[in-house]
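If you look up TrEMBL, you'll see 366, 372, 375, 376 marked as Mg(2+) binding site. The domain 'B5' annotation in TrEMBL covers 300-388. The domain 'FDX-ACB' feature in TrEMBL is assigned to 612-705.
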């Protein structure tokens, strides 16, 4: 925003202020001065500043707004506007006007006024000079008055030719209303471009005739020209998000819409209206003004914040007046004065050294928390007046549990030969269309959906590496996934997923390389959880609804010992492999990271015991048992009911076929026995084996094979 210091001087006295000092105050106050210019008009030099403000300070993007900020920063009293002296009777009149219903969700306030008996449109010379100083070329018509009010007050008014509206609808007593556009509705704007509308576009209409796209641009047929004799002036406050979406959808951004996008407040809208009409009356003293439409604003209670003196001292620290022996802080009186300079209503409570601060509506968007008030105090007092030294902390920080879990899990996966990968968190709807959650305003239309699994992008990464002849890639990734629960609510969790098994391996140089099989892949996962010291168990469940990533018959669900589902593991689905042109020998896993973290939190200390120096005794036992009895269940029962000398049970063979009855299977288990104190005797082992045989016979109806 380019401002003229002479114009600012009309609102706050800065003639005696040094320019460098003013620029420094503005910069430290959060308003960056990007350029200083000098313009000569009629032999007079005028200094202009090009100032940029932060996104949350839309209230300062006008001459009046920035003048109030300069007054606060320089501790000066703003001058009383000549318009505000006579404006009060307008507000009084508005109280007795009937309230027209306007869409309160998208329009916070709406005021329409008819101006008739306009004879002369020539802009005053002083007004043209101010526009030139603000880098706007005067047009000597209605546009000059619009631009002037926009610059001075920050409010974008829309002008319509009242005579054209009445002629178009053949009615002098029309009503203004807001409505949604119709699908495929055409709108010819005053920039001579025809726009296709839909029901997401908000229209201002006069008796069902659209006169403007709300907050953006007016219709071509009601545009003001040099022959216009009567005006309908619209002053409104629209929802910033609504205007932003409309503008993006239409690919149209105007000076008016850019103002609305910054979330205007309706505090001074009536005053701005009065200023506009006063300007038009300069060259049109017989101007007739009538209220047309009024949608009164919703009255909101001002926010009240509690400000603590101790918190101010902690955040801002001591001032530069401090010495080595004595630290000095900003005083209570200085804090109170700073807040009052910003027109905050302040009450100080001496007992607990706190302030009750009532935030004015003009600053309701950017003063939300106590820290915002502390920033304002530092801004006015001058951040350069505080000591710039780092605070000393006695407590040393430590890594949080999430970081420790990630570090431990990453080390285990790296040791297994996997590389950590990072993928884009958005996916393409065309290739990834199950459980997708679509973004309202995607940056790129090709990536407009949130992922519900990490696996698809991992598989695409594997495919891309193979196409680049990087065949030996096995990877894992941490990332957030999104899905809808049973109540149609969007939820977000962090997962850990991985892909491995694509390329051939060999255990020694003399062997031929071979692809890993299901048991080797399953062994990798078991080894991972053994390293993490987590107890898991496997359960076969058809994963038909898991985005078609897992093979329906070569996959399993992994549960923690507390029966909480951790995630899925399995071979790649043939359809997915064919679609991405990948090998069927890929194995995938995806686990809930939070569940792993919670389980590791319980098992922070691992149990260690002395390694036994006594020999192990290994015995094999074959038996026939029902086909539907799993090895996991057998193992669990045998450990619970057998001797403490039994250290390990391994499944070494499973046989179905000749001599084995239907619905039966032959299993061969390997039992490893060992004592920590003595060498086990043959008789002791035989007694333990006989007990195992008895358990198998009684509990599982097993037939021991000889």
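Yeah, the Cβs are placed from backbone N, Cα and C, and that goes for glycine too.
Automatic prediction, not curation, is the source of TrEMBL annotations.
A map of TrEMBL features onto the structure.
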residue	record	contacts (Cβ under 8 Å, 6+ apart)
366	Mg(2+) binding site	56, 57, 59, 372
375	Mg(2+) binding site	none
376	Mg(2+) binding site	338, 339, 342, 367
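Excluding 366, 372, 375, 376 themselves, the residues of that chain whose CB lies within 8 A of the CB mean position for the Mg(2+) site are, in sequence, 363, 367, 371, 373, 374, 379.
When secondary structure is read from DSSP and collapsed to three states, residue 372 (Mg(2+) binding site) falls in the helix class. Confidence annotation: the domain 'B5' (300-388) carries a mean pLDDT of 90 in the model. For residue 372 (Mg(2+) binding site), the Cβ neighbour count at a 10 Å cut-off comes to 15, with all displayed protein chains included. Using DSSP to sort the residues of the domain 'FDX-ACB' (612-705) gives these counts of helix, strand and coil: 30 helix, 32 strand, 32 coil.
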